[in-house]
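> Before I ask anything, let me first share the structure, which is written out below as structure tokens.
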Amino acid sequence: MSVKTLDDLLAEGVQGRGVLVRSDLNVPLDDDGNITDPGRVIASVPTLQALAEAGAKVIVTAHLGRPKGEPDPKLSLAPVAAALGEKLGRHVQLAGDVVGTDALARAEGLTDGDVLLLENIRFDARETSKDDSERLSLAKALAALVEGPDGSPGVFVSDGFGVVHRKQASVYDVATLLPHYAGTLVAAEVKVLQQLTSSTDRPYAVVLGGSKVSDKLAVIENLATKADSLIIGGGMCFTFLAAQGFSVGSSLLQEEMVDTCRRLLDEYADVIHLPVDIVVADKFAADAEAETVAADRIPDGKMGLDIGPGSVERFTALLSNAKTVFWNGPMGVFEFPAFAAGTKGVAEAIIGATGKGAFSVVGGGDSAAAVRRLGLPEDGFSHISTGGGASLEYLEGKELPGIQVLES
């Protein structure tokens, strides 16, 4: 990645300069508005800390959830501002709007080392607009917040890896208006993904889970030609099992993808590995009674909610000799203790391979959440990404708009 980085910016000097940082602070909240996994907040700290300590006037923009282009109190960044302040060890102001009168007044009142978090950027419909001119108008308003008193432009730091695959105002368009730099997180993430795609030590094992084949089809197609083993679990495995002619009971099934899965199994028979046993239940609930059955013997009326111990053993054998591992997507409903063993077992196998020298990447999203929820050591993996969708699109071979614009 031939872009300027945060280190370059710090070397130039940021004392007294306005710096707009696009962070990824899209954290999960419970019904009471409490953050249940602060991973992304923690990951954003190094860049923000470095800028604040260097005397920049730091303005942070980020989103939370999917508001419909207007303010939604349930998706306010207020709890994030509090958590961010705690992690930074300094007060973080929260603007009452995105680029309105409160944001402007607070931006003008910043002193060196201050941090201001703008309200949820997706409260403004222009952020995600397909209309270039609408996005650009929001980008100009964001750029104006970091303009110097003498009219000199501020700078933009892209540090939200989880959104770099989106062509949005705060990710792409604002970078066309301001001097731009990759933050610590974005630079590290891209370096890891480049290592995965360019200098892969073999055997290379890919572990894919999650619910829908359609969401992972492009990455399956791409990685099946590169990996030595492609392990498939999670809800998506049932469409593959159906493609083998097995009954999957009331398990999650994408019938429209069965023929595609059959073709993939034919083309990559030596690469794709499916579960040999499944943990089933008669309902999707934490208190459901679990039963392990052979993968080709799922009873009618039962749904698969995890891979079984035989599958964990089989996948562990494949992973034990791997030199490179990419994992995206849980093996089962890890949020329910009765259906978490598959995800935990596979994760422990990856940790074991890492301990023997393998390079392992956890591809963000639910996988990263599972690592934390199941109490697994985060340093047991070489890298835990903050961007599931961005990681997958990169590995599909797609251009990421938020990275592409930094290279210009």
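Glycine residues also receive a Cβ, built from the backbone N, Cα and C atoms like all the rest.
Worth saying up front: this structure is predicted, and the values here are computed from it rather than measured.
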> Of Glu267, Glu335, Glu348, Glu399, which does Swiss-Prot put in the ATP site with Lys216, Gly304, Gly364, Gly365, Asp366, Ser367?
Glu335
> Say Swiss-Prot lists Asp24, Leu25, Asn26, His63, Leu64, Gly65, Arg66, Arg122, Arg166 as binding substrate: which of Arg40, Arg106, Arg135 is in the same site, per that record?
Arg40
> Would you count the other C-beta atoms found within 10 angstroms of the C-beta of Asp366 (ATP binding site) for me?
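Excluding its own Cβ, Asp366 (ATP binding site) sees 20 Cβ atoms within 10 Å.
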> Under 8 Å Cβ-Cβ from Asp24 (substrate binding site), six or more apart in the same chain: what's there?
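Correct list: Arg40, Ala43, Ser44, Ala62, Asp159, Gly160, Phe161, Gly162, Val163, Leu185, Thr386, Gly387.
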> Here's one to test understanding: among the binding-site residues Gly304, Glu335, Gly365, Asp366, whose C-alpha is closest in space to the C-alpha of His63 (substrate binding site)?
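Out of the listed candidates, the nearest Cα belongs to Gly365.
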> Using DSSP with the three-state reduction, classify Asp24 (substrate binding site) as helix, strand or coil.
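In three-state terms, Asp24 (substrate binding site) counts as coil.
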> Looking at the binding-site residues listed here (Asn26, Gly65, Arg122), whose Cα lies nearest to that of Gly364 (ATP binding site)?
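When the Cα distances are compared, Asn26 comes out closest.
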> Name the residue among the binding-site residues His63, Arg122, Lys216 whose Cβ has the smallest number of other Cβ atoms within 10 Å.
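Comparing Cβ neighbour counts within 10 Å for the binding-site residues His63, Arg122, Lys216 gives Lys216.
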